[in-house]
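J.: As annotated in Swiss-Prot:
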- Gly39, Pro40, Ser41, Gly42, Cys43, Gly44, Lys45, Ser46: ATP binding site (BINDING)
- 3-231: domain 'ABC transporter' (DOMAIN)
Amino acid sequence: MTVSINEVSKYFWKQTGTVQVLENINFQLEKGDFVTVIGPSGCGKSTLLKIVAGLDNDFEGEIIIDGERITKPSKKQGFIFQEHRLFPWLTVEENIAADLSLKDKYVKDKVKEWVEIVRLDGFEKSYPKEISGGMSQRVAIARALLRDPSVLLLDEPFGALDAFTRSHLQEVLLNIWEQKKTTMIFVTHDIDEAIYLSNRIVIMSAKPGEIHKVIENNLSYPRNKTSQSFQQLRTKVLQQFEHGGLIQTSI
């Protein structure tokens with residue numbers, strides 16, 4: 001078992017009272033699983049991801065990664081935000097290396113490997129202002145995976161990109177997953193994206209966020225969004241929103 005999320009609940013305290021954001025979340029991921037999480041806005045998807053990342057330790061329950069209880073960020077978790085969050089004063093290769101020294105041959109070789117995997121050859125010495133948003137997000141992906149984390153956490157990483165760039169980065173991510181078999185949890189509002197990428201789809205209900213349904217995705221790779229089997233699964237997911245009363249909030 002790579003990741004175990006056990007009885008996780010989360011509350012926020014405001015002047016008007018206590019607000020429960022997550023309620024008794026339980027699910028497990030084996031090594032190499034690719035799970036997408038979808039649900040109404042405000043259901044706690046991003047909050048759950050931050051808890052798994054160790055960025056929020058004020059919650060009930062526990063997160064176990066590779067047998068270790070998680071209370072803070074570590075090399076076990078890689079995190080990719082919607083914004084690339086690159087350092088503007090560092091080059092592409094320096095951003096990928098982050099706090100590691102490129103003078104170290106092992107680090108330099110690892111950075112070179114990831115530059116090739118995310119198809120940024122020739123842009124190693126470029127600065128963030130000199131590359132596109134899609135390329136910047138590829139740098140963020142490489143940076144998050146450089147240390148070989150047990151799980152990669154992605155919080156709507158392609159949400160701000162145009163359709164063409166988004167589609168391209170989906171292929172880049174799938175290529176990485178197929179090569180490395182990194183366990184991934186990917187939050188998205190896009191049902192097609194959820195189906196296209198993952199082998200399991202976690203549907204969350206509105207606040208307080210609970211797991212409404214987990215749907216196994218057995219479509220073979222590479223997937224065709226226009227195929228009958230893809231559309232049938234899409235209908236199945238949509239029915240969960242409609243019949244489960246989740247459609248009241250935008251997804």
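Glycine is treated like the rest: Cβ placed from N, Cα and C.
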J.: Averaged over the domain 'ABC transporter' (3-231), what pLDDT does the predicted model reach?
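T.: A mean pLDDT of 94 is what the predicted model shows over the domain 'ABC transporter' (3-231).
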J.: Around the recorded ATP site, report the further residues of that chain (criterion: Cβ within 8 Å of the mean position of the Cβ atoms of Gly39, Pro40, Ser41, Gly42, Cys43, Gly44, Lys45, Ser46; site residues excluded), sequence-ordered.
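T.: Close Cβ neighbours, site residues excluded: Met204, Ala206, Lys207, Gly209.
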J.: Secondary structure at Lys45 (ATP binding site) (DSSP, helix/strand/coil)?
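T.: DSSP assigns Lys45 (ATP binding site) to helix.
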J.: On the three-state reduction of DSSP, what should I expect for Pro40 (ATP binding site)?
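T.: In the DSSP reduction, Pro40 (ATP binding site) maps to coil.
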J.: Let me spell it out: for each of the binding-site residues (Gly44, Ser46), count the other Cβ atoms within 10 Å of that residue's Cβ, using every protein chain shown. Which one has the most?
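T.: Max Cβ neighbours within 10 Å, all protein chains included: Gly44.
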J.: Output the one of Pro40, Gly42 that, of all these binding-site residues, has the highest number of other Cβ atoms within 10 Å of its Cβ.
T.: Pro40
